[in-house]
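Visitor: Below you'll find the structure I mean.
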Amino acid sequence: MKIIAFVGMPASGKSEAARIAAEMGIPVINMGDVIRKEVSRRGLEPNDSNTGMVATQLRKCEGMDAVAVRCISQIRDAGSDLIVVDGVRGVAEVECFRRELGEGFILISIYAPIEIRFSRVQKRGRSDDMNSIEGLRNRDERELSWGMGEAIEASNIEIENNSTLEIFKKDVVEVLSNYLRQTPSE
């Protein structure tokens, strides 16, 4: 089994890469869904403040790898030789996945400059997004405090996402296709 996980700063293109993977028929597990589910379970409004608070509390109470731990059973139950995990946020999550899943774990970082990322945030309209570049910087700092920088440094491959969607899609398809070719067919 191969697990490909995407890591990157907010709005760098992780979810877009995961969407491309899904279009290619690769099952996707979204780590952010774990947080959004917990926000909903607690009866909170799904905004940036609440999702950030819940994510921080989970990591404080259950460990910095709490979200990864909650994803392990989903990964094992997916029944596929290749799975994409969207949204690694810290090095503890990387270490958890590598420990639990072994050498089949591949980490791909996605990079985009903050100005491009903020432009994307303004267009996507998610309820947990921030509405100023300062808000994005604050979210960056929060995620860096979780070990995001170290997770990015631990990646096996980097994909730059600072051009058009078509170029990014081509790059993602190329990388994922290499792993699809290496995976036994069912």
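Note: Cβ is positioned from N, Cα and C throughout, glycine not excepted.
From Swiss-Prot, here are the annotated features:
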- Gly8, Met9, Pro10, Ala11, Ser12, Gly13, Lys14, Ser15: ATP binding site (BINDING)
Visitor: Name, in the order they occur in the sequence, the residues of the same chain whose CB lies under 8 A from the CB of Ser15 (ATP binding site) and which sit 6 or more residues away.
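Guide: Same-chain residues close to Ser15 (ATP binding site) (Cβ under 8 Å, separated by 6 or more) are Asn30, Gly32, Asp86, Gly87.
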Visitor: Could you tally the C-beta atoms, other than its own, that fall within 10 angstroms of the C-beta of Gly13 (ATP binding site)?
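Guide: Other Cβ atoms within 10 Å of Gly13 (ATP binding site): 27.
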Visitor: Using other CB atoms within 10 angstroms as the count, which residue among the binding-site residues Met9, Ala11 scores least?
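Guide: Result for the binding-site residues Met9, Ala11: minimum number of other Cβ atoms within 10 Å at Met9.
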Visitor: If you take the centroid of the Cβ atoms of Gly8, Met9, Pro10, Ala11, Ser12, Gly13, Lys14, Ser15, the listed ATP site, which other residues of that chain have their Cβ within 8 Å of it?
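Guide: Close Cβ neighbours, site residues excluded: Phe6, Ile110, Ala112, Arg117, Asn161.
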